[in-house]
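As structure tokens, the structure follows; a few thoughts come after it.
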Amino acid sequence: MRFDYLNLLAYGHFTDQMLSFDPEKNFHLLFGPNEAGKSTTLRSITHFLYGFPQKTNDAFLHGNTKLRIEGLLRNTKGEALQFTRRKGKKNTALDPDGNPVPENTVAAFLNHMPESQFLNMFALDHVRLREGGESLLESGGNAGESFFTAASGINVLRRVLENFDKQAGALYKKTGSVPELNKLLKREKELSKKINEQQLKVQAWKAFEARYRELEKELGVLTAKIKTLRSQKEQLQRVKWILPKIANRKNLLQKLEALGDVPDLPDNIAEVRAEAENKWNASRANLDKISRQLAGTEAEMKEISIPEHILEQAAAITGLYRQVQQYEDDEKMLPELEGKKQQLQAQLMSVMKEIDPGRATVENIEHYRLPSAQKEMIRELCKQKPLLDQAYESLKREGEKLEKELAKKLEELAALPDLPDVEKLEAVLTKVNRAGDVEAAIHELAAECRQKQRQVEEAVRALPLWDGGVEELVKLPVPGLEETVKKFEKEAEQLTRQLDSVQSRISRLKEDIEASEESIRRLDSIAEIPSEEKLSAVRALRDAGWQLIRTKLETGHWHETAETYTKGEPAASVYEKHVLEADQIADTMRLEAEKVGEKNKLLADIRKFRGKKEQLEKEKSGLEEALRAWESAWQNLWAPAQIRPLTPGEMREWLQKHTQIKSLMQDYEKAQEKMRALHDSRADCCNALSAVLKTFAAVSEGQPLAELVSLAENELKRVRNLAAKKDSLETAIRDLKEKREEMQTEKAEIGKKREAWLANWSSAVAGTAILEEVPPAVAESLLARYETCMQLYDAYNQTEKEQQAVTEKMARFEEKVQHILETAQLPSNGENAAVAVSQMYQLLQNAQQDDAALKKLKRRLEDLENERKEETEALEAAEAVLTELFQQAGCSTIEELKQIETAFLLKKSFEKDIRQIEADMLDAGAGKSLQELLDEAARFDADSIDADLAETGRELDRLEASRSEVEQEYGAVKKEYEEQIRGANMTAIEAGQERESVHAQIASLTEQYIQLKLAAALLQKGIEFYRSQNQNPILNRAGDIFARLTLHSFDGLAVDYNEQDEPVLMGVRSGENVPLNGMSDGTTDQLYLSLRLASIEKYAAENEPLPFIVDDILVHFDDERSKETLKVLLELSSCTQIIFFTHHQRLVDMMQEIAPKEAVQYLAFHGQKVAVH
């Protein structure tokens, strides 16, 4: 598929911007400076193919609903699809008739490729290119990831895989404790154990529950009796509170009756009466004031007189006044124009006399006007004459110089000697150079061997537990697998962790036992708990005191035992003290009963903790025995090597160092082998050079290779210099002869041109004051005077016309002034027209001011009349309100109204107080009506209410004491019941609920963990499958491209295997594989581009090709590599369309240098338009 054209009808800052892509060319280079619209055009391609995004920054000139992009797509079958893309949610592709085009039709031209895949695979800029190179480095050159990344354009593949592993590790690790799943699994075990421990047996609490229910029932009966007595007490208190209210209400009703018959008035009578009275007084005063103002305004209006004949001419007078300044300016200008005209006439005559004194008059001026063609002919011939003369002289001098140089070159060529044959010498020297700097390589390799030997010796010396030689160390029978050591390490960690856990649990149990024992000691240290006998004795004293007080209240005399009871203190104080003491003892007994239950629970806990501790001690012994068995097996593992091992972690590091030493030893042996091969190569090179150099110069036996190479290169250079000098002289002689012939031809042509010039000059100056023999410079000066003469004449005519126009304009102004004076009936005293206009304008302003003042007075008169009307209405309204109040009160004067008003307000106050008292009685009446409350109060004797309240209070105290005793026992039983029944069960229930929640979390996180692991595995499988299917074809083609893009600093690409036996991508240089981390940033960019281009070629060969959109990918490439990349892209355009965007002129120049015109279309951005080159 390819674009035939793209038209940005309304998009970004473009309007009807057409991009026509030449159908005969497949490479389109779009060039333009920054801000010219390349980025906008780049975005429009994607928006045209896949639709506009929901939010776009390209709607600043054209609104969202106006955005339109039109284009024509064509596939390799010759099928075409023309449509316009608009912004919207559906039916955004429209055919030329405005009908919707199904998206499936557009998708078919794109091979049904989604937008993200198209952008990743067929759109490339310098940022994506650099990210691709970095992605190759991040993957370590992994072959599968490299091929997949380049083919798909997804540059974050390595980060995606690492993110999968990181997220999975954050959820679960086999030996971890921090990840979420590990924490949840540990918590699930703890909760299961807690549930098992907290299960309660039924037989242990069945009898206890019966006692609990019995006490609960007894407590309910006492509570009901107390509730009844409290209700009676509340009734007595309510009646006691209501009786004074009833008396107050009765008094108010009597006062209300004493007022007699008071007429009903409005509640706000005082406000209404005062407001109406105030309004009547204010309106009366305002009417007097308005009458005075009306009389003054009418007097002012009579004093004003308006000249209507001047106002009628207001527009004309104002118009003339605006022209006064121009009239005065014209009056000053007339003498200036006259002086300018005379000056121009004098200058004109002076110039005419300089040209031709005999005809220097204004009447002969047309004789000085030369045709434009004649003037241009004279000027052109003046320019040609010196050029022709100069060219002729120059050719003459160059011819003489050329003859001398030709003779010199012929002498030098004859003096050169004959050249020997150096073909064999070149062949041998090329072979030696291809072998490289053997001497340097030997020196470098010798240093490397010494360094590797030192590394091996230092590594052996630094290895712990060994003091022998490297040969014995390499053959030492150590454990072959690092996993074996890891297994021992894991077992040791597990045993140690279990032992630490058991020890920690034993310590916690000891702490729990000590804490319980300390709690028991703290309870035992509390003061003595009061007994039931003590409580009964105190209550007897309290009851005896109440009997004495009751006798006093009923009989008015104290009982004979009162003195013994009080012992000289007030009876009320003694009774109050006994009541408080009885309450305190009861409260203390209730609290201490709870502490007794708490102590029993602590003793049971101590027994349970000691049993668990004994079990853990046995578990600890078993773990210590297992740890000793592990230690024995660990020692036996290293016995064949006669090494006493350290910890598994340390020995794992020891094994790694042992493996490193073996690897270093192998590297050292390989370096020795390379050294021997280099010595053999040096000998072969010396023998070959010695044999061939004997025909050119003397060579000594055993001469070093470097000297032989230098001797051969010098001899070869000498012969080549002679050959080059001979070729140069022959070429120079040939060029000089050709140049001599060209100069002779050119000299003849110059002669013909000089003859033609003379003929043209005679024709051009004919009929003028310029003579034929006048030099061109003088002729140009005379021609300039001709032009000056005509310019002065034109200026003279223009000044004369201006003078006449000003005179006519002044006359018209004066006529208008005279006409208005007559029309406005104003006298004309013969003064200047401007002065007359100023006087008329002043009269007009005075008349307008008087007219405005008169209109203002008329409006003021109208306003005063309206105010008088409003005040009259307000006065009548106030009188109506007062009349209405008089009728309601049955009076006729203000004073009588105020007396009745006072009586009415007193009546309202009494009624309000009565309502408030009744409301208070109802609030305190517990829902009863007012009459019910009055009847209830009437049933009680006010004098006996206090005694009834005291008796009820004593009975309540007795019942409260009984309930307190029951509550003490019930409280202790209830606490233990809740701890054993509800507490234990609730703990188990809560633990069970939490465990269900943990199970749900484990299920959810496990599903996430499986998804992450499965996603990573599927992605790896997909990558590996893509590599196995595409490695060979893509690798070979990408290697060829890579060699070209790196200017053959690399020979190609290869796939090798790393230490983990994974296939990795490497560069090939001089037969050696170079890993990606050994390449520069620019080289990795070129590697990624090579893989990308090879993948696109393969895709185009197997599928319908899609356009490759490139945006300035060469910003980091030097000129030579940029040029080679453009060549590769040009080759790629043979199988798919390429649209290349750039703002670098040098890339345009490079493409024009390397590509034929018929292969590339150049499109240049210029502001709002695109030009085709």
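Using N, Cα and C of the backbone, Cβ positions are placed for all residues, glycine too.
Note: TrEMBL annotation is automatic and uncurated.
Across all of the domain 'YhaN AAA' (1-205), the predicted model scores a mean pLDDT of 79. The annotation domain 'YhaN AAA' is assigned in TrEMBL to 1-205.
Feature annotation from TrEMBL assigns coiled coil to 181-239 (among others).
Marked as coiled coil by TrEMBL: 327-354 (among others).
Look at TrEMBL and you will find 385-412 (among others) tagged as coiled coil.
Annotated coiled coil per TrEMBL: 442-526 (among others), in sequence order.
The coiled coil annotation in TrEMBL covers 599-633 (among others).
Non-local neighbours of the coiled coil (712-756) in the same chain are 388-389, 391-392, 395-396, 398-399, 402-403, 405-406, 409-410, 412-413, 416-417, 419-420, 422, 425-426, 428-429, 432, 689, 692-693, 696-697; each lies 6+ residues outside the stretch with a CB under 8 Å from one of its CB atoms. According to TrEMBL, the coiled coil annotation covers 712-756 (among others).
Annotation comment: TrEMBL describes 844-888 (among others) as coiled coil. Sequence-distant contacts of the coiled coil (844-888), counting only residues of its own chain at least 6 positions beyond either end whose CB sits under 8 Å from a CB of the stretch, comprise 263-266, 269, 272-273, 275-277, 279-280, 282-284, 286-287, 290-291, 293-294, 297-298, 300-301, 304-307, 310-311, 313-314, 317-318, 894, 897.
Residues or ranges marked as coiled coil in TrEMBL: 942-976 (among others).
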Spatial neighbours of the coiled coil (599-633) far in sequence, C-beta under 8 Å, 6+ residues away: 488, 491-492, 495-496, 498-499, 502-503, 505-506, 509-510, 512-513, 516-517, 519-520, 523, 976, 979
